[in-house]
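Novice: For reference, TrEMBL lists these features for the protein:
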- A:3-82: domain 'GST N-terminal' (DOMAIN)
- A:87-214: domain 'GST C-terminal' (DOMAIN)
There are 2 protein chains.
Amino acid sequence: MANEVKLHGVTGSPFVCRAVIALNLKEIKYEFVAEDLSNKSADLLKYNPVYKKVPVLVHNGNPISESLVIVEYIDEVWKGVPILPQDAYEKAQARFWAKFMDDKCFPAVFKAVSSHGEEQAVAEVHEALQFLENELKVKGSKFFGGDNINLVDIAATFVAFWIGAVEEALGIELLPKDKFPKLTEWSDNYVNCQAVKDSLPPRENIVAFFKKRFGKA
Amino acid sequence: MANEVKLHGVTGSPFVCRAVIALNLKEIKYEFVAEDLSNKSADLLKYNPVYKKVPVLVHNGNPISESLVIVEYIDEVWKGVPILPQDAYEKAQARFWAKFMDDKCFPAVFKAVSSHGEEQAVAEVHEALQFLENELKVKGSKFFGGDNINLVDIAATFVAFWIGAVEEALGIELLPKDKFPKLTEWSDNYVNCQAVKDSLPPRENIVAFFKKRFGKA
C-alpha cells in the first residue's frame, strides 16, 4: 500500500510543530508543504474548508485537520514509540491536559502577548501554568508522559519553546524560574529531546517574528 | 472488581447530557450526583479543580472531566455499542466534527441566544450549521455515525434538542427547516433514539429556563 504523507504547514506555528514532533517521534517520512497564509493554496482550502488553517496532514490523499486530532491519528496508525498512554484512565487524563493547553493556556499567553504583558493578563498565564507546575510536582516525573514524552508534552510545546522566545522578544516574564521550577526544568528537558529538537524552528526567527508583530514601536 | 460509576451533573446541561447518553447507550448503571452550581459540592471542587464544572464522571474513585473526554473514556472502557468508529481515519474525522461543535457551533449559538437573535449572530449560527448540513448530505446517512449514532451525534445533542427549545423560548429562528432539511431530519431521528430520548431533560424545563434567563422583559 502506498504510504504518502504530506503535512501542510508553516514553520513557526506551535500547532504545526505538534504534528512535526509526532511525525519525527514515529520516524515517519513525509513531505512538508509550506503554505503562505496570506495566499493559501487551493489544496489547503479544499482540505480544511471549515477553518482554512494549518496544520493539515494528508495521508494517502485523506486530509486531517486540528493538531491534536492529527497527533492522535499518527499515534494510532503508526506503531513505534507510543504517544498516548495505553490505560484508558491515563489516556483520558492526557486528553484533558492536552485540551487544557488549547482552552486555557494558549489563549492566556496570546492575551498576555498581544497586551504587551498587561498585569492581569500575565496573572492569568501564571494561574494556568500553576496547574501544570502542580501536575508535574504530583507526577514527580521528567515529562508529563512519565519517563517519555506523550500527548500532553507535545500539546505543551508552545510553553516549552514559544514562551521563552516571547519573553526575550517583548521583555515580559511569563514563566519565571523561581515560581515554576518544575515547569522550567521540564521545558529544558523537553526541548532537548532529539525528536523535539529536530522539529523546532530556529529560535531567532520566532523572537524576530514576535518583535515585529507585537513589539512596541 | 468494583465498578462504581457516578456522574456529577445538572439536568438541563447539554454537556452533561452527552455523558448521560453515552452511559445509557452502553447500558451502564450509574449514580447521578445532582450539583447545585451556585453552591458547588466539595467533591466537584476536588474532582475538577481546573474548571470546577460539570460533568465529572467518577469511575471507581477516578474523576474525569470534559464531556468529550468522558464520552471517549466510556467508549473505551465499556464494550457494547461502539461510540467511536474503529477505522483510524473515520475516528479522526469524528473527533474533528465533535470538536467543531464546541469550537464553532456552540459559541455561535450562545452568542445568538444572548444577543436575542441579533442578525449577524444568527448568520454565524447558519454558517456553522451549513457545514453540518453539507456533511450529512455528503454522507447520505441517517446519523453522522452512519446507521447508528456516534461521537459526532452525541456532541451535536444541543443542535438537535436545545436549539428547538431556544427557538420556542425566544421566538428566534436558528435552524429553519427549508434551509437545513437534512439537519432537521437528523434532529428528529436523533432525539427519537431510545438512549437519547431516555437522557434528555423535559423540553418545557429548557424552554422555561431560556425564557427566564434570556427572554426579553
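Glycine too: its Cβ is placed from the backbone N, Cα and C atoms.
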Novice: As a test of reading the model: what is the averaged pLDDT for the domain 'GST N-terminal' (A:3-82)?
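Specialist: Summing pLDDT over the domain 'GST N-terminal' (A:3-82) and dividing by its length gives 97.
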Novice: Please list the DSSP helix, strand and coil residue counts for the domain 'GST N-terminal' (A:3-82).
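Specialist: Final tally across the stretch: 29 helix, 17 strand, 34 coil.
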Novice: Mind tallying the domain 'GST C-terminal' (A:87-214) by DSSP state, helix then strand then coil?
Specialist: 94 helix, 2 strand, 32 coil
